Amino acid sequence: MTRILNCLLVLLACLGVSSKAEDQAVTQWPLQDNGLNTVVQWDHYSFQINGQRIFIFSGEFHYWRIPVPALWRDILEKIKAAGFTAFAFYSSWAYHAPNNATVDFTTGARDITPIFELAKELGMYIIVRPGPYVNAEANAGGFPLWVTTGDYGTLRNDDTRYTNAWTPYFTEVTEITSRYQVTDGHYSIVYQIENEYGNQWLGDPTLRVPNETAIAYMELLKANARDNGITLPLTVNDPNMKTHSWGKDWSDAGGNVDVAGLDSYPSCWTCDISQCTSTNGAYVPFQVLEYHDYFQESQPSMPAFMPEFQGGSYNPWGGPEGGCPGDIGDDFANLFYRWNIGQRVTAMSLYMMFGGQNPGAMAAPVTASSYDYSAPISEDRSIWSKYHETKLLALFTRSAKDLTMTELMGNGTQYTDNPAVRAYELRNPETNSAFYATFHSNTSISTNEPFHLKVNTSAGVLTVPKYASTIRLNGHQSKIIVTDFTFGSKSLLYSTAEVLTYAVFDKKPTLVLWVPTGESGEFSIKGAKKGSIKKCQGCSRVKFIKEHGGLTTSLTQSAGMTVLEFDDGVRVILLDRTSAYDFWAPALTNDPFVPETESVLIQGPYLVRDAKLSGSKLAITGDVVNATTLDVFAPKGVKSVTWNGKKVDTHSTEYGSLKGSLDAPQSIKLPALASWKSKDSLPERFADYDDSGAAWVDANHMTTLNPRTPTSLPVLYADQYGFHNGVRLWRGYFNGTATGAFINVQGGSAFGWSAWLNGEFLASHLGNATTSQANLSLSFTDATLHTDTPNVLLIVHDDTGHDQTTGALNPRGIMDAKLLGSDSGFTHWRLAGTAGGESDLDPVRGVYNEDGLFAERVGWHLPGFDDSDWGEEGSAKDSTTSVLSFEGATVRFFRTTCPLDIPAHTDVSISFVLSTPAGATTEYRAQLFVNGYQYGRYNPYIGNQVVYPVPVGILDYKGENTIGVAVWAQSEEGASIGIDWRVNYLADSSLDVASWDTKDLRPGWTEERVKYA
């Protein structure tokens, strides 16, 4: 019926008699709610909040990937500044539950209440996504690692052991969220249960054979959410267009939620595109996927909702330094996000908007320390062209109210005079405004294609432009051409320049349009009769033509900003792309809808965070990285402007703005990293090392509930003994002689391991980007065996995290251990890992922060540790880089302290840079520690990441900083590593990071550490 109606609407629209059919389209889709509130409603077209339709343009960030609560404001202000109406976040069960007796939502960055409070202060709705499973390229997909042993079943089902495990966490996060719902005046609008759990059906979803176990699990999650106060709509995110799970339109089977959604990563969620072919098919750059028919078939009575749409891609081990932004950069943002609009999507959340890092052991094996994700906000918190390109569309969707209710009237090349260009016509059945999303017929092609567009307007069918040069799609680009677009009390008959935003000052609208640099635009304002040029910066060939009961304007815009005024009170600002990147529309209200009278327009700065109007004073906050002008369009009553609290000397321009200038920030220089000290960190390799202390446990279990049984006994799975992260040390004892040992270790992609016998190095598995398990037959031929005392074989292995989804239970540890040439075998094994195991010795940094290296267990990485008896390291200097070297296969820990004194009223981002000197071996692994936090894993033999941003709060910008590097040499060549740091960017900023008191995030060394030697 829907498709037939759409075809009828296309025909009627072309004939100009569509109103009756449009009325039918409206009445076909009644508003729905969940029966618990009518604040959040929805229908076929969009979500509706407090009676208003909204285009939800959201972006994801993970607070646990930036564990400095003060910086959450920075990320959220940048998301808001880009025109977004919402943001989303995963809550991490793992981050809050170090063991099965603890749920911590109060310590440090584990207190998530500031996120909800910031949302209300800044004016953005929240999509809350608590799991309990989240995927997210997180260790075990966000499961706490104590559930990966098999003791809690196979997970993600209705097994009571698993239910009892997740219930305390899920109850707590649900109760917290329940206090911040939009139904009670706060800003959380939906609550997602589980994640990409497309398991409602056994086999082919079209056969609708229920998976009763999965349904029972979803019912448990739903009941918990409702029992603990959630009245918001419950949502899910299908992992792809094949699963059709949990939507009421598809089936009335159990487990259904209020609103289903679809996740999509059309250019692959990883830089390793081979991982996505089973979902997306063969990879073709910039090839789009069709969503409209999926939503029409799977959930026609619901909005086209995408809880995750590709905001970038994660960088796997072996991927390029800095990620793979080539086909997921600003062109991707321009094309694919507009494509979604052409598919009638009215709610989408970009995954990720800010990725951040994977400090400690937060990552799954698929990725390294960086979680930059090529997101619009980089992991160092800078914004780049992709951010600005995304902003151009998000600001448009925030202002285009009619876009929230449209039908797809038709699509194809018949709309254009160039067969290389196609258009999708969306039309609002109530207002008759239309949106023509234009694309290359083959979106993988990047040719420069000129075209005219046939549009149906209130003045009849027109072919535009009529006077200006043709519309162009130059490169991997898309454009949305509007007709009968309402701005304030005025109407735009059509515009071939894209709408950026608009605002109404003193009852007169200011419309902002933009074109790519050097291109032409044409627009027609209904009711206008005369136009004039008030500012021409880069404009040419300006024409005003009276027609269609209004005034048509055509012009070409090179670099700069042009301002036109019309006799009906309309002001039009036309920008080229570069100028549009530096154009902002900060809200004067915390209403996410941002009413048309509640914003100002600003051109010039690197970032505008906020604006507040008080009487005749406009207070603007933001960032400046270079000297720039500040051009402010505001109500006439504004007489003075401040920037970050300082008065700006402004003057009135002839085009109605207040204009001033902003100075560049003062430069800074980081002190050199020098005066290194070092000490061996592998005493455990020697046979006479005493492993009877608190750090060690007997590895003596003869059974396991893990579905993967070991080849040999005892069970040498580290998680079974409460040690879950990174480096673990196994000491296997045996008496008498043996010719060698066969050892098989599993640690995840890019893991490695090394072996020593009685202090003598035997061999290493160096690792690679794909191998998760590796065995070696170790020869004892050249080693010294003891005949009168026990021999000790030390196995040091790291792991790169636990696998995601069904792989979360894959063991980490020794799968098989056999002596060769010996009948007696190993007498016993001892195991050490993170100091205190699951006891959460350092609740601020958390159990995922540390591995089992001696240096970490005893706290050499912590501020305040006394290294006065250490010898100073004679580190070589390569330019400003310190080169730290040693010989032999061992682990060595390097340590220094360095002060910072960052000036006030600035935002500074700092990265460490690790390197391997030319000609030196890459057969080593290293970990970077900053004030006790492990903030980088450097595996030069495998990966390419060399730059490690470390945020303020982890770094002390007004004090001493403790820097540590643990280097594990996997060959007798030893290792040489270079280390330096650099400023990523410096901004004059309202953030004023140097003034923050963050010392509570950096607890120091305590005597308790001594017992873990």
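Glycine residues also receive a Cβ, built from the backbone N, Cα and C atoms like all the rest.
Per Swiss-Prot, the feature active site, proton donor maps to Glu196; the stated evidence is sequence analysis. According to DSSP, Glu196 (active site, proton donor) is assigned to coil rather than to any helix or strand.
Note: Glu308 (active site, nucleophile) has non-local neighbours Glu60, Asn237, Asp263, Ser264, Tyr265, Ser349, Tyr351, i.e. same-chain residues 6+ apart with C-beta under 8 A of its own C-beta. The active site, nucleophile annotation in Swiss-Prot covers Glu308.
Under the heading substrate binding site, Swiss-Prot lists Tyr90, Asn135, Ala136, Glu137, Asn195, Tyr265, Tyr373, citing similarity to another entry as support.
What Swiss-Prot lists as disulfide bond is Cys271-Cys324. Over all protein chains present, the Cβ of Cys271 (disulfide bond) has 22 other Cβ atoms lying within 10 Å.
Counting every protein chain shown, the Cβ of Asn100 (N-linked glycosylation site) has 15 other Cβ atoms within 10 Å. Under the three-state DSSP scheme, Asn100 (N-linked glycosylation site) falls in the coil class. If you look up Swiss-Prot, you'll see Asn100 (among others) marked as N-linked glycosylation site, on the strength of sequence analysis.
Sequence-distant neighbours of Asn211 (N-linked glycosylation site) (same chain, 6+ apart, CB under 8 A from its CB) are Asn199, Gln200, Trp201, Leu202. Taken from Swiss-Prot, the feature N-linked glycosylation site covers Asn211 (among others), and the record attributes it to sequence analysis.
Note on Asn411 (N-linked glycosylation site): other Cβ atoms within 10 Å of its Cβ, all shown chains, come to 19. For the recorded site, Asn411 (N-linked glycosylation site), the DSSP three-state label reads strand. Taken from Swiss-Prot, the feature N-linked glycosylation site covers Asn411 (among others), and the record attributes it to sequence analysis.
What Swiss-Prot records for Asn442 (among others) is N-linked glycosylation site. All chains included, 14 other C-beta atoms sit within 10 angstroms of the C-beta of Asn442 (N-linked glycosylation site).
Annotation source Swiss-Prot lists N-linked glycosylation site at Asn456 (among others).
Look at Swiss-Prot and you will find Asn626 (among others) tagged as N-linked glycosylation site. In sequence order, Tyr606, Ala664 make up the list of same-chain residues 6 or more apart from Asn626 (N-linked glycosylation site) whose Cβ falls under 8 Å from its Cβ.
Asn735 (N-linked glycosylation site) is surrounded by 16 other CB atoms, counting those within 10 A of its CB over all protein chains shown. Summarising the annotation, Swiss-Prot assigns N-linked glycosylation site to Asn735 (among others) and lists sequence analysis as the type of evidence.
For Asn768 (among others), the entry in Swiss-Prot reads N-linked glycosylation site, with the evidence type sequence analysis. Taking a C-beta cut-off of under 8 angstroms and a sequence separation of 6 or more, Asn768 (N-linked glycosylation site) has the following same-chain neighbours: Gly318, Ala750, Ile942. Under the three-state DSSP scheme, Asn768 (N-linked glycosylation site) falls in the coil class.
For Asn775 (among others), the entry in Swiss-Prot reads N-linked glycosylation site, with the evidence type sequence analysis. Listed in sequence order, the residues of the same chain lying 6 or more apart from Asn775 (N-linked glycosylation site) and placing their CB within less than 8 Å of its CB are Phe742, Ile743, Asn744, Val745, Asp816.
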Glu137 (substrate binding site) versus Asn100 (N-linked glycosylation site) - Cα distance in angstrom: 22
If you measure between the CA atoms of Asn456 (N-linked glycosylation site) and Asn195 (substrate binding site) and round to the nearest Å, you get 42
Once DSSP output is merged into helix, strand and coil, Cys324 (disulfide bond) belongs to coil
Given the recorded positions Glu137, Glu196, which one's Cβ is surrounded by the fewest other Cβ atoms within 10 Å? Glu196
In the three-state DSSP scheme, Asn442 (N-linked glycosylation site) belongs to coil
I need the least crowded one of these recorded positions (Ala136, Cys324), counting other C-beta atoms within 10 angstroms of each C-beta. Cys324
How far is it from Asn135 (substrate binding site) to Cys324 (disulfide bond), counting Cα to Cα, in Å? 21
Expressed in Å to no decimal places, the gap between the Cα atoms of Glu196 (active site, proton donor) and Ala136 (substrate binding site) is 11
